[in-house]
Amino acid sequence: MRTLLKKPICLLCALLISACSTQPVSESSRPDWHLKPDCLYHSGHDKGTEIVSVQQSTLRAVLSNYKTGEADILDISQSAKISRINRFNLGLQKDEEFTSVAFHPTLDVFAAVIDAGDERGRVEIRSASNGALLDHVEVGYGPDAVVFSQDGAVMLVANEGEAFTFDKVTGEFFSAEGSISIIRLDQRGRIKANANIELADVMHREGFIVAEKGHFLEREIDWDGDGKVTKQTDFDGNGKIDNKHVKLGRFDGADVYGNEKKGEAKILIPMTPNSKTLLEPEYIALSPDAKRAYVTLQETNEVAEVDVENRRVLGYFNMGVAEHGADRQSDGWVQFNDNVMALREPDGIALTPDGRYFLTADEGDTDTDAEEGEEPLQSGGRTMSVFDAKTGDFVADTGNQLDEITFAHSVYPDRRSNKKGAEPEGVVAFEMEGHAWAVVGLERADALVLISLANPRQPKVVALGKIPGDESRAPEGLAHFVRNGEHYVLSANEMNGTLACFKLTKGKVEIEH
């Protein structure tokens, strides 16, 4: 079906109904949900606003900026206005990066996650009133996400271990192993215990979809050891930059290549079936009782189930393959009549408030080699998926609803049709009107979507909210909160330095004929 014909067909149907009706229906209305823009906070920086976290009890939020190493404490208690209370510079060193942040649910403190490059990272506990460093603890390599339990007694950190290094002597590429840190806090929010959980080697588990031929990770790597990453590199030393692949070394027994036109910024690391270092934790969802955690392993298309009390990984749920209609041609024509089969490769994850289901934002991270004779599975499901939290069984996904609603609102990114479409990045879940809902951020469409989970086996996309602005916004971190009985969602938009607030409203929508 040519989706471009969808609106004219709807118009014709409306005119036919109007001709047969005994009442005038030049305008009609129906109950509907909206993601209504409430306000927009400008950080004063052009990029970097990545993660936002809310303290519901005080209606404050903390917003991280990875470009500046700053944390903004914000007042979100007023309608149509976000005010900055304080801004704290974390005083990071040259190779350090502020990667995530979380507000303690009750205390006047927040947790700041610091990636220290080739060294182990750390979590800092800081005062939300004056920014003072109250405590800190060393965690794993490349920490990238943090979450508090509902009572604030436990904090979990996903240590991605994403960075690669190259040994010019041996010609080998290396990456630190990912891990999960479980940190226990006392009543003042100070650290009293810390455990770092290593991830088991599950690469040979039956049904583990990772050895699919032709999948790679594109990674920034300082290959020549000059202390910087170049976007174009003369890998073969012939004095020219050619659009060709050059063998650069080995990773776990497999050849590593780079394209001179893409340089050190996009070196291709092969997805090998025997590498423990490819298990890279991304995001964490913690059960309401803090006994179980669910951690996305995006690159290997899995979710790890963690026993928090006993500090061990219980097992790994395979996320499988999404299959649905899609537009796969970046040709200026939006037609959802292609078929896509893609590894889900989830990024964001959330639990429904009752803990029965976990939801994944199936962004995708690996890339495929166009030179392969047989087309490999695509990367990224272009979906939000629902899984049974107890068994890990797949329940349902949104199919092509995410791309379709972006097209209906004129924000579908056709330039990304041959990649990952609108690209679902983050997800939050909450209860409203007696059942679960989710909001998903669409990185390439610069929008959020509202999804009803009244029937978890049939998730329904019901509304879209466009993030204000003309330039790329790229929503990353999301946070839900309630004010005066009404529901709101915050979106940290890393590409334009803003924080958008949306109000969830229900009302009559006028349908123009």
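The backbone N, Cα and C atoms fix where each Cβ goes, and this holds for glycine too.
The annotation signal peptide is assigned in TrEMBL to 1-22. The domain 'Choice-of-anchor I' annotation in TrEMBL covers 48-185, 355-465. Annotation comment: TrEMBL describes 363-384 as region 'Disordered'. Positions annotated as compositional bias 'Acidic residues' by TrEMBL: 363-375.
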Three-state composition of the domain 'Choice-of-anchor I' (355-465), taking helix and strand from DSSP: 11 helix, 47 strand, 53 coil
Within the domain 'Choice-of-anchor I' (48-185), residues counted as helix, strand or coil by DSSP: 0 helix, 84 strand, 54 coil
Mean of the pLDDT scores, which run from 0 to 100, over the domain 'Choice-of-anchor I' (355-465): 90
